[in-house]
Amino acid sequence: MSCLLIAASGTGGHLFPALAVAEALPESWKVSWLGVSDRLESSLIPKKYQLSTIGVEGVQSRGIKRIVQIFKLLAATGSVICLIRRNRIQIVLTTGGYIAVPAVLAAKLTGKKVILHESNAIPGKATRLLGRLCDKVALGWPPAKKKLPGCKVTVTGTPVRKSFLMKNKLPSWAPSGPGPLIVVIGGSQGAVGLNDMVRAVLPFLLDQGCRIVHITGKNAQSKIIHTNLVEQPFSDDIPGLLQNADLVISRSGAGALSEFAVCEVPAILVPYPYAADNHQECNAIYASQFGAALIVHQHEPEGKALRNALERLLKKNLSQADTVENLLNLMRKGMAKMAVRDAHIHLMSLLKEAS
């Protein structure tokens with residue numbers, strides 16, 4: 001039996017790729033999970049795997065607070081060392097973020113193999129800091145290589161959960177009818193800027209006969225009531241929505257983009273403007289280079305740039321313009337080219353080599 005510790009915490013972008021790998025592992029593998037008590041994993045992971053939690057945060061402050069953060073990091077590393085020994089862990093897999101620091105340090109101090117997966121087109125701070133300590137750094141996309149000199153890198157793609165690789169029907173609660181289906185994903189925390197931009201163009205889209213599913217996240221719903229509009233804070237039916245959508249409007253996290261790619265759904269991307277190292281902008285640019293997405297910036301006039309992009313993409317659907325192949329079809333092909341459907345297999349191979 002191989003014993004694996006997965007260190008993944010916080011957002012879906014860190015958790016879901018790790019979950020995709022865990023789902024694909026043979027039953028002979030025993031998986032333990034390392035997370036933080038007040039994050040998404042506390043409600044998601046215990047349903048399937050043994051979850052152990054630690055207190056950890058970035059060392060970014062100054063003065064006394066910085067000293068406290070360093071002591072917390074050392075204590076967290078000690079806790080992970082105890083966990084590795086207690087559960088007889090042989091390999092550590094992490095998807096980056098703050099939790100990667102104590103996980104990688106503990107793995108090296110106990111002589112265990114460690115693999116770090118970086119989804120973004122530009123590697124995060126933890127990946128840049130820890131990459132050389134890892135036995136392998138697996139990348140979602142090739143551009144990240146340039147920022148990781150001296151690391152043992154390999155491009156695997158970013159794993160998506162198996163539900164995205166299966167054929168799914170459109171949920172029965174989604175609006176039905178002939179109009180184009182637009183899915184808006186505000187994210188688990190509720191992307192206020194993105195949601196506000198979308199709400200500014202809702203009347204236009206509904207007047208044109210579009211069907212809209214808006215996953216708002218932790219954000220109040222609009223006051224518009226229409227048979228072609230469904231708003232929900234969360235949904236477990238994202239694979240079915242994406243596979244049957246004509247267009248998705250979303251932030252540009254690497255995990256979400258990987259899901260869009262395997263579902264071959266064209267995207268309008270609104271990068272989160274305050275993301276660390278501007279990584280969402282880099283992700284969006286990478287997708288646009290495949291012709292898979294258009295980029296709209298949040299700082300542009302409210303609703304205007306988004307409406308312009310929508311009018312451009314939906315021209316054939318809205319006005320029946322006589323074109324050989326409309327832009328949405330070309331973008332769908334771009335997403336297909338960007339997709340890596342067997343990323344979980346590549347990562348499993350790395351784990352098996354290390355075991």
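Every residue gets a Cβ built from N, Cα and C, even glycine.
Record features (Swiss-Prot):
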- THR11, GLY12, GLY13, ASN120, ARG161, SER188, GLN280: UDP-N-acetyl-alpha-D-glucosamine binding site (BINDING)
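Structure coloured by features recorded in Swiss-Prot.
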residue : record                                        : DSSP class
THR11   : UDP-N-acetyl-alpha-D-glucosamine binding site : coil
ASN120  : UDP-N-acetyl-alpha-D-glucosamine binding site : coil
ARG161  : UDP-N-acetyl-alpha-D-glucosamine binding site : coil
GLN280  : UDP-N-acetyl-alpha-D-glucosamine binding site : helix
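For GLY13 (UDP-N-acetyl-alpha-D-glucosamine binding site), the same-chain residues 6+ apart in sequence whose C-beta sits under 8 angstroms from its C-beta are SER119, GLY253, ALA254, GLY255, ALA256. For the binding-site residues THR11, ASN120, GLN280, the largest tally of other C-beta atoms within 10 A is found at ASN120. Applying an 8 A CB threshold to same-chain residues 6+ apart, the list for ARG161 (UDP-N-acetyl-alpha-D-glucosamine binding site) reads PHE16, LEU19, ALA20, GLU23, PRO239.
In this view, GLY12 (UDP-N-acetyl-alpha-D-glucosamine binding site) is surrounded by 18 other Cβ atoms within 10 Å of its Cβ, with every protein chain counted.
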